[in-house]
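The structure appears below as structure tokens.
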Amino acid sequence: MAAIRDYKTALDFTKSLPRPDGLSVQELMDSKIRGGLTYNDFLILPGLVDFASSEVSLQTKLTRNITLNIPLVSSPMDTVTESEMATFMALLGGIGFIHHNCTPEDQADMVRRVKNYENGFINNPIVISPTTTVGEAKSMKEKYGFAGFPVTTDGKRNAKLVGVITSRDIQFVEDNSLLVQDVMTKNPVTGAQGITLSEGNEILKKIKKGRLLVVDEKGNLVSMLSRTDLMKNQNYPLASKSANTKQLLCGASIGTMDADKERLRLLVKAGLDVVILDSSQGNSIFELNMLKWVKESFPGLEVIAGNVVTREQAANLIAAGADGLRIGMGTGSICITQEVMACGRPQGTAVYNVCEFANQFGVPCMADGGVQNIGHITKALALGSSTVMMGGMLAGTTESPGEYFYQDGKRLKAYRGMGSIDAMQKTGTKGNASTSRYFSESDSVLVAQGVSGAVVDKGSIKKFIPYLYNGLQHSCQDIGCRSLTLLKNNVQRGKVRFEFRTASAQLEGGVHNLHSYEKRLHN
């Protein structure tokens, strides 16, 4: 029997061992040994906890030039992301990508709603004239989603300010033919041109009004500050905003057809910050040509290309100028691409290989598909992705499109893949977002690569996203990393270790041997 060692030498003894416990990420993801892996096939080994979970920073790169406070992104699917989802994803620190299975005008209007939701100084406020009718003002309220409009002599910015019209001024006015000048609030409180944002917010706190109008020395309207924006700043400290305009960040998707060029022009005009080139197989001449055109036509617009699952696919898109990559093929809960097309790759292996390659060129990657819980998100980030795109996890939330319905006593919402027949036939035209995404716009017989279904009501993302945020912080704490940057660095250096899971190990790691149980994710 070997002699018992002195307990004081335990740390030194671990240093003398031939190798650390567990596997490095390179050893884990060796396809020659283990084949293709997905998130359930491995675990991350725990590290040293010497900090509180609240200290963990989840700040990350979405693209080369856009940084988010949380690594969570909503998918551009027509049952997941429209203006409401995109708005609250941005307020909560992530970003939403508005789908394009709709008219270009409708999509641009959704982008505009997000951009108008929160501002710093509103340098281009919507202005009306004294002769605008109450009915027209009410219509503008419906169109823009708010009702605080400055009134100038000619209805234009940089003209003399004569009043302001608010929802209180018109809410109970039944005669829509009345003119704004008859019901508006005159002599509103103003601030002098040149005040700082913090000074303007202090004035708003003191005057207890809905907005502060900024004028020059001649009384001409220059810009505006909103009290609701001040409140949102307090309620949503992690919000994703443009560094220049202080508006919420908003993304959208487009296809790779010529018609999508005009769509993009409308989106950029509406204030779009980042665009996804939406294709199930991003390594195509169509996407490469579109990518080059976008970078030439809108050099300031960030472009995320994809989808890809191999280094070779990624190389073509990086060389064409992609600012970010989207990884995944056939791994979503509503996707049947791997089954039907025999193409794709297990998501863990795809994320690791593409990220390892793309990170050498400073191109952030987004893991898209196969994510079912906080653990999966943590694993995707550990394998190298900068953000994680969620479709099914956000479907069924209050902010997702569609109406709730009841089936077998359960409250449900529709959720479908963009490769489903329902999505392909949504607009009644062959060349819609769904068919172009799967290269099917000219097919007489549509081949589905997705299914249509329903998901249970998940409540609001205003509770769900903070749950994911706190869960990710706790995951990083268990691993022993104070930030996502440190997590990635320690994975590459071999300090963060992994373990491969057998089928029995996966069974052991789940709930088992209970007669019944309730799985509550958060309070």
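Cβ atoms here come from the backbone N, Cα and C positions, even for glycine.
Cross-referencing Gln281, Gln449, Gln473 with the IMP binding residues that Swiss-Prot gives (Ser333, Asp368, Gly369, Gly370, Gly391, Gly392, Tyr415, Arg416, Gly417, Met418, Gly419) picks out Gln449. Tyr415 (IMP binding site) carries a strand DSSP state (E or B). Of the residues the record lists as binding NAD(+), namely Asp278, Ser279, Ser280, Gly328, Met329, Gly330, the two whose Cα atoms sit farthest apart are 14 Å from each other. Cys335 (K(+) binding site) sits 11 Å from Gly391 (IMP binding site), counting Cα to Cα. Across the residues the record lists as binding IMP (Ser333, Asp368, Gly369, Gly370, Gly391, Gly392, Tyr415, Arg416, Gly417, Met418, Gly419, Gln449), the two Cα atoms farthest apart are 16 Å from each other. Within 10 Å of the Cβ of Gly510 (K(+) binding site) there are 7 other Cβ atoms, across all protein chains. A 10 Å radius around the C-alpha of Gly328 (NAD(+) binding site) takes in these binding-site residues out of Gly369, Gly391, Tyr415, Gly417, Glu508, Gly509, in sequence order: Gly369.
Compared over the binding-site residues Asp278, Glu508, the count of CB atoms lying within 10 A of a residue's CB peaks at Asp278. Candidate binding-site residues: Ser279, Ser280, Ser333. Fewest other C-beta atoms within 10 angstroms, Ser333.
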